[in-house]
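Student: To start, I am sharing the structure in question, which I have written as structure tokens.
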Amino acid sequence: MGPLSAPPCTQHITWKGLLLTASLLNFWNLPTTAQVIIEAKPPKVSEGKDVLLLVHNLPQNLTGYIWYKGQMTDLYHYITSYVVHGQIIYGPAYSGRETVYSNASLLIQNVTQEDAGSYTLHIIKRGDGTGGVTGYFTVTLYSETPKPSISSSNLNPREVMEAVRLICDPETPDASYLWLLNGQNLPMTHRLQLSKTNRTLYLFGVTKYIAGPYECEIRNPVSASRSDPVTLNLLPKLPMPYITINNLNPREKKDVLAFTCEPKSRNYTYIWWLNGQSLPVSPRVKRPIENRILILPSVTRNETGPYQCEIRDRYGGIRSNPVTLNVLYGPDLPRIYPSFTYYRSGENLDLSCFADSNPPAEYSWTINGKFQLSGQKLFIPQITTNHSGLYACSVRNSATGKEISKSMIVKVSETASPQVTYAGPNTWFQEILLL
């Protein structure tokens with residue numbers, strides 16, 4: 001590759017232009033009508049290729065010129081020089097791949113990462129007492145883009161129901177990413193969204209129109225590579241299952257329950273869930289007809305749910321909305337508070353009765369078998385010995401038809417009165433409280 005065979009100029013950088021376009025230091029003492037121009041051909045180069053730093057508008061009466069690697073013009077960074085009449089001198093920075101031409105252009109062959117960076121050209125003019133003109137030029141090196149591949153979070157998404165994340169691999173510095181669908185640029189749709197770097201493509205609610213094929217392309221200024229196409233295997237949408245049940249208000253340990261998972265299909269398998277856990281195998285649980293029906297011969301208050309059923313195919317499944325039972329139970333044996341039975345005349349009697357029950361139980365009180373009142377509390381102020389007797393709290397659940405009572409004996413004693421006795425002369429009277 002030589003300066004005479006270079007293509008037409010596509011990038012010109014003058015000593016003045018270097019400061020603006022590449023932020024490079026420069027100075028010159030040539031007339032403005034004869035500014036030297038350096039042109040990189042090609043303007044962007046990839047590793048393993050050749051690049052020519054082509055110099056234009058050289059001044060007359062040159063003695064020679066020197067190329068340096070970097071911006072320091074010392075012996076260590078000296079690449080090569082050209083002296084008028086054809087003498088070429090190589091320096092310590094010469095790698096064997098640089099060629100200098102009589103027009104000051106520098107050819108670098110088979111460039112590597114070490115060749116990237118700035119270069120300094122020092123031009124020496126005959127009779128120039130200032131030492132010549134020095135300018136700088138920067139070579140940016142790009143790698144060939146690798147062939148990309150597409151990774152997917154889910155190659156078998158449910159139609160409309162599931163989202164998919166596509167990633168263009170590998171992550172490549174100084175490169176841009178482009179996605180194509182059916183060989184065309186991505187359509188404008190709310191179902192497709194790109195990440196900030198364009199490397200990741202999100203598909204929301206995949207439909208047959210955006211199932212693929214997808215391709216991704218990695219580009220940099222010197223090359224572009226495209227992946228193999230990827231097409232999503234769009235699965236049919238699973239129907240939302242639901243539970244039917246013969247009784248939502250069963251009586252504890254009495255009623256038989258039958259849950260059915262709908263819809264019915266031989267293409268699905270059925271799974272039952274209780275409290276978010278797969279229902280364990282138990283002698284109490286019957287599952288006839290391919291597990292679609294769940295039978296509980298009896299149910300307790302601890303098995304209210306929630307219950308869910310799931311339908312599955314070989315790719316995945318979907319659960320129903322939860323169903324919670326209203327288990328009717330009780331009343332259990334009531335409890336009376338406080339439980340002590342001895343009182344004195346004049347005290348207040350304040351009793352409360354509690355029993356576990358669903359729905360809440362109905363309460364009533366009797367004394368010695370005679371009905372007193374309805375409710376959980378029994379309050380009698382300033383009781384007397386006439387209030388001694390058998391107190392009973394009865395509880396009843398109209399939904400279960402169960403009734404049960406609890407009784408206790410209350411004993412009320414007389415309050416003792418003070419007794420006065422004479423203890424003799426010059427003594428105090430004493431009050432003795434007889435218990």
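In case you wondered, yes, glycine gets a Cβ from its N, Cα and C as well.
Worth saying up front: this structure is predicted, and the values here are computed from it rather than measured.
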Student: Say which of Cys216, Cys309 is recorded by Swiss-Prot as the disulfide partner for Cys261.
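Tutor: Disulfide mapping in Swiss-Prot sends Cys261 to Cys309.
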Student: Work out the three-state DSSP category of Asn61 (N-linked glycosylation site).
Tutor: coil
Student: Whole-number Å only: compute the distance from the Cα of Asn103 (N-linked glycosylation site) to the Cα of Asn61 (N-linked glycosylation site).
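Tutor: The Cα atom of Asn103 (N-linked glycosylation site) is 13 Å away from the Cα atom of Asn61 (N-linked glycosylation site).
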Student: Could you tell me the C-alpha distance between Asn110 (N-linked glycosylation site) and Cys353 (disulfide bond) in angstrom, no decimals?
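Tutor: Cα-Cα, rounded: 98 Å.
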Student: Provide, as an integer number of angstrom, the distance between the C-alpha atoms of Asn386 (N-linked glycosylation site) and Cys353 (disulfide bond).
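Tutor: Asn386 (N-linked glycosylation site) and Cys353 (disulfide bond) have their Cα atoms 22 Å apart.
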